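Peer 1: For reference, the structure I am asking about is given below.
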Amino acid sequence: MNDFHRDTWAEVDLDAIYDNVENLRRLLPDDTHIMAVVKANAYGHGDVQVARTALEAGASRLAVAFLDEALALREKGIEAPILVLGASRPADAALAAQQRIALTVFRSDWLEEASALYSGPFPIHFHLKMDTGMGRLGVKDEEETKRIVALIERHPHFVLEGLYTHFATADEVNTDYFSYQYTRFLHMLEWLPSRPPLVHCANSAASLRFPDRTFNMVRFGIAMYGLAPSPGIKPLLPYPLKEAFSLHSRLVHVKKLQPGEKVSYGATYTAQTEEWIGTIPIGYADGWLRRLQHFHVLVDGQKAPIVGRICMDQCMIRLPGPLPVGTKVTLIGRQGDEVISIDDVARHLETINYEVPCTISYRVPRIFFRHKRIMEVRNAIGRGESSA
């Protein structure tokens, strides 16, 4: 690859993302919109590349966490409707309106300030967030809800486009709290004189498990990337998800250690016999965290343990034998019959699968595959992007 100069890279299978969205499109009622969630650089997969693929596969809208992410998509040529799920500043409402970006609203005082600051000419579309039990953002009070709706109706350039909530436990096998939140949302809908054009409550877990409780839009996030919302509900999903992200490197140095020789900072690993040790150019600055010591990678189709402490830019693995420099190493993905999934990495880190691709940093170039060929290489360092 001429687009990056270190032998570490991630591969993003856009065909897998396309299939995951298309399969959801088939599962849902025909009149249900799909909002593809591409916040956090599309969970580390690549925002604009995933956005385009999701829209091609049947999504009609996009969601991000904050306004800067939405503006970045606009700058990259994305014209589809975008919703900011998080909080925005009242002073930025004009910029959002100019760029046709919808904002989440959940406070009447915020709307009052935005109303005083904005006089047009573009409409500002709002989605009213209701707190049914997540305890994060959202309105809980009927009177506050009515104040917000009245403020929107009073302003000539404010439009109430949507109403939504977020489930805290839709990814758990037990559905008691999910049912409580759903029932509460139905009750809150009665606080409005009429429903806005878009009503949405279902995240990935709810949209896959309860397609009959999605109103007329779902927010498709983690499952779009081929990851189950939780290990517990993975067997309950209506179709198999296709994991899109893999991570690779190459051996840059191979050496034989004698019994008693040490490896890495702190000299925490000691060779017990003659051992072949390989160095690969990836470390915790790339998101391959120090806690992954004692985990494993795949090399020559076999598992190879990570030995010694993971460094900022490199780590060491115990090889099955004297392999040549340049041999491919897979940290996430498949080699032969062996697979390391994102769930495997998350389990070792004692975290959720969402965190793993999000953690792989901008230093790691992304290679995007579409129709089983390289479509684009994105290197956030230096020369940026190139297309095949």
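Backbone N, Cα and C atoms are what each Cβ position is placed from, and that goes for glycine too.
Marked as active site, proton acceptor by Swiss-Prot on the basis of a curator's inference: LYS39, TYR265. Residues annotated as substrate binding site in Swiss-Prot, with experimental evidence given as evidence: ARG136, MET312. Under the heading N6-(pyridoxal phosphate)lysine, Swiss-Prot lists LYS39, citing experimental evidence as support. Residues or ranges marked as N6-carboxylysine in Swiss-Prot (evidence: experimental evidence): LYS129.
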Peer 1: Among LYS39, LYS129, ARG136, all listed as recorded positions, which has the most CB atoms within 10 Å of its CB?
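Peer 2: Of LYS39, LYS129, ARG136, the one with the most crowded Cβ is LYS129.
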Peer 1: What is the interatomic distance between the Cα atoms of TYR265 (active site, proton acceptor) and LYS129 (N6-carboxylysine), given in whole Å?
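Peer 2: The Cα atom of TYR265 (active site, proton acceptor) is 49 Å away from the Cα atom of LYS129 (N6-carboxylysine).
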Peer 1: According to DSSP, which of helix, strand or coil covers LYS39 (active site, proton acceptor)?
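Peer 2: DSSP call for LYS39 (active site, proton acceptor): helix.
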Peer 1: Going by DSSP, is the residue listed as 'N6-carboxylysine' sitting in a helix, a strand, or coil?
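Peer 2: The residue in question, the residue listed as 'N6-carboxylysine', is strand (DSSP, three-state).
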Peer 1: Once near-sequence residues are set aside, which residues in the chain of MET312 (substrate binding site), 6 or more away, have Cβ atoms under 8 Å from its Cβ?
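Peer 2: Set apart from MET312 (substrate binding site) by at least 6 residues yet with Cβ under 8 Å, we have GLY283, TYR284, ALA285.
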Peer 1: Whole-number Å distance between the CA of LYS39 (active site, proton acceptor) and the CA of ARG136 (substrate binding site)?
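Peer 2: Just about 17 Å between their Cα atoms.
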Peer 1: How far is it from ARG136 (substrate binding site) to the residue listed as 'N6-carboxylysine', counting Cα to Cα, in Å?
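Peer 2: The Cα atom of ARG136 (substrate binding site) is 10 Å away from the Cα atom of the residue listed as 'N6-carboxylysine'.
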Peer 1: I want to verify one value. Collapsing DSSP to three states, which class is TYR265 (active site, proton acceptor)?
Peer 2: helix
Peer 1: DSSP on MET312 (substrate binding site), three-state: which is it?
Peer 2: coil
Peer 1: Taking the Cβ of TYR265 (active site, proton acceptor) as the centre, count every other Cβ atom within 10 Å, in any protein chain shown.
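Peer 2: Excluding its own Cβ, TYR265 (active site, proton acceptor) sees 12 Cβ atoms within 10 Å.
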